[in-house]
Amino acid sequence: MATYIQRVQCISALLSVVLTTLVSCQIPRDRLSNIGVIVDEGKSLKIAGSHESRYIVLSLVPGVDLENGCGTAQVIQYKSLLNRLLIPLRDALDLQEALITVTNDTMTSADVPQSRFFGAVIGTIALGVATSAQITAGIALAEAREAKRDIALIKESMTKTHKSIELLQNAVGEQILALKTLQDFVNDEIKPAISELGCETAALRLGIKLTQHYSELLTAFGSNFGTIGEKSLTLQALSSLYSANITEIMTTIRTGQSNIYDVIYTEQIKGTVIDVDLERYMVTLSVKIPILSEVPGVLIHKASSISYNIDGEEWYVTVPSHILSRASFLGGANIADCVESRLTYICPRDPAQLIPDSQQKCILGDTTRCPVTKVVDNLIPKFAFVNGGVVANCIASTCTCGTGRRPISQDRSKGVVFLTHDNCGLIGVNGIELYANRKGHDATWGVQNLTVGPAIAIRPVDISLNLAAATDFLQDSRAELEKARKILSEVGRWYNSGATLITIIVVMIVVLVVIIVIVIVLYRLRRSMLMSNPAGRISRDTYTLEPKIRHMYTNGGFDAMTEKR
């Protein structure tokens with residue numbers, strides 16, 4: 001049976017290698033490099049869909065049951081240091097528990113613990129609606145309450161034992177790692193030293209060791225003790241602090257050695273303080289270790305692009321920043337939520353994305369389908385590192401080779417130039433000097449004739465020159481407009497000015513006064529004439545406004561006519 005299992009494992013590993021090789025070979029990296037597209041060898045994909053939980057109970061004060069009270073004063077001083085560190089943390093946890101409560105608690109018997117978190121209802125007291133941060137804190141609180149009974153038993157047993165590490169497992173398969181610090185030092189060094197050096201010397205040694213331990217404690221768990229949120233555990237400091245092998249501590253994780261390496265490398269082991277006991281000076285941390293699942297036959301390649309030349313014109317191919325290749329699928333990869341280790345991308349979900357058909361065929365080697373755009377500025381990269389060498393566009397850039405700074409002349413039929421330590425050594429691009437890797441090999445990869453697709457709009461069009469011309473035109477038109485305004489302001493100024501209006505008003509007043517004076521003079525003249533010539537003495541030849549018929553009646557003319565009759 002064991003032989004059969006080994007054969008199955010070997011066949012699975014062989015198939016995985018074959019699939020990975022086929023996937024990596026379907027992207028013609030040499031052909032793409034000739035148009036400035038650089039694609040690396042790729043890394044595998046692992047999905048972190050779930051996690052395992054651990055609880056680390058830290059006993060921060062050793063049990064000092066020494067004779068004659070040796071070391072008691074040093075322990076009291078050490079506890080005062082711990083109080084300043086732990087009291088704010090304890091108060092924050094109390095506030096969290098006051099705001100976030102778990103209802104519908106499931107009763108558990110004393111013998112058989114039951115998992116009741118998934119049946120719990122997370123609610124709030126002081127806040128109306130639970131936010132995501134509150135729910136996260138509520139989950140941690142619920143998990144802490146689940147393990148509360150087991151943690152209490154651990155604390156009780158740790159106060160009665162001198163064992164340094166106890167690994168216990170509760171009923172739901174979660175493990176509580178109890179670390180009792182300094183106990184080995186007290187048992188192995190302090191007690192024997194009392195009989196040899198005396199109480200005072202032993203107490204001083206204990207005080208020095210406690211101070212050293214406090215410093216190492218802050219180094220190992222400073223980020224975790226500074227907040228009630230989730231922080232990465234410093235595993236190297238944990239290993240140094242407790243003189244334990246991290247691999248041995250994590251042997252119970254249901255995962256392979258490579259997964260453990262990826263988890264440690266990316267610092268994905270998170271710890272959260274869920275309990276602070278100031279009576280026993282114990283701190284409980286909830287530790288989450290992600291469970292990784294590798295997706296077979298999948299590689300994620302990092303892609304980039306530099307400018308290249310065709311017939312003296314500079315062009316640029318746009319490609320996704322990351323390419324995901326699967327047996328029959330080629331697309332982009334959204335790694336915004338992923339973390340990268342040396343050999344793997346660890347993602348919470350499948351990062352595959354669809355890309356246009358033309359871009360897909362371009363990545364597969366059909367350069368006639370590559371979407372290109374003409375380079376109109378200097379922001380496009382001109383060189384990149386490939387296989388220990390440098391690929392550069394030496395038509396659009398100034399390239400030199402060797403310590404003598406020999407200029408490099410690029411063939412106009414070639415899009416880029418490949419430079420390595422063997423054919424160049426010291427490489428210079430636009431004044432930047434680069435030393436190629438001595439182990440790098442010639443990366444020319446057989447230069448081929450280049451044909452690319454038509455230029456398309458794949459990014460905002462650069463119209464900086466047109467905008468500059470339009471800006472100059474606007475400035476000129478503004479100057480002309482100001483001149484026109486000045487001319488218009490001068491036209492009609494004589495009647496629009498305030499002095500003109502005042503002059504008109506004064507003239508009108510003078511004319512009005514003259515008219516009034518003339519009327520008064522005429523009136524007085526007529527009056528004087530009437531007073532000097534009464535009505536009876538007016539000459540008949542004198543012209544008056546009175547009708548002549550009136551004189552006929554008043555001067556006897558009518559009586560003469562009667563006598564004649």
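Glycine is no exception: its Cβ is also placed from the backbone N, Cα and C atoms.
Here Swiss-Prot flags 1-25 as signal peptide, drawing on similarity to another entry.
Under the heading N-linked glycosylation site, Swiss-Prot lists ASN104 (among others).
The region 'Fusion peptide' feature in Swiss-Prot is assigned to 117-141; the stated evidence is similarity to another entry.
Positions annotated as coiled coil by Swiss-Prot, on the basis of sequence analysis: 142-170 (among others). Confidence over the coiled coil (142-170), given as mean pLDDT on the 0 to 100 scale, stands at 57.
Taken from Swiss-Prot, the feature N-linked glycosylation site covers ASN245 (among others), and the record attributes it to similarity to another entry.
Positions annotated as disulfide bond by Swiss-Prot, on the basis of similarity to another entry: CYS338-CYS347 (among others). Within 10 Å of the C-beta of CYS338 (disulfide bond) we count 21 further C-beta atoms, all protein chains included. According to DSSP, CYS338 (disulfide bond) sits in a coil region rather than a helix or strand.
Just so you know, the Cβ of CYS370 (disulfide bond) picks up 25 other Cβ atoms within 10 Å once every protein chain is counted. Annotation note: CYS370 (disulfide bond) sits in a coil segment as assigned by DSSP. If you look up Swiss-Prot, you'll see CYS362-CYS370 (among others) marked as disulfide bond, on the strength of similarity to another entry.
According to Swiss-Prot, the feature disulfide bond maps to CYS394-CYS399 (among others). Close to CYS399 (disulfide bond) in the fold, though at least 6 residues off in sequence, lie ALA392, PRO407, ILE408, GLN410, VAL417, LEU419, ILE427, GLY428, VAL429, each with a CB less than 8 Å from its CB.
The disulfide bond annotation in Swiss-Prot covers CYS401-CYS424 (among others). If you draw a 10 Å sphere around the CB of CYS401 (disulfide bond), it holds 18 other CB atoms from the protein chains shown.
According to Swiss-Prot, the feature N-linked glycosylation site maps to ASN449 (among others), an assignment based on similarity to another entry.
What Swiss-Prot lists as coiled coil is 466-491 (among others).
According to Swiss-Prot, the feature transmembrane segment maps to 501-521, an assignment based on similarity to another entry.
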Cα-to-Cα gap, CYS362 (disulfide bond) vs CYS424 (disulfide bond), nearest whole Å: 31
Integer Cα-Cα distance in angstrom, CYS394 (disulfide bond) to CYS424 (disulfide bond): 14
When distances run from the Cα of CYS347 (disulfide bond) to each of the disulfide-bonded residues CYS370, CYS401, CYS424, the nearest one: CYS370
Cα distance (Å, whole number) from CYS370 (disulfide bond) to CYS401 (disulfide bond): 31
Reduced DSSP assignment, CYS399 (disulfide bond): strand
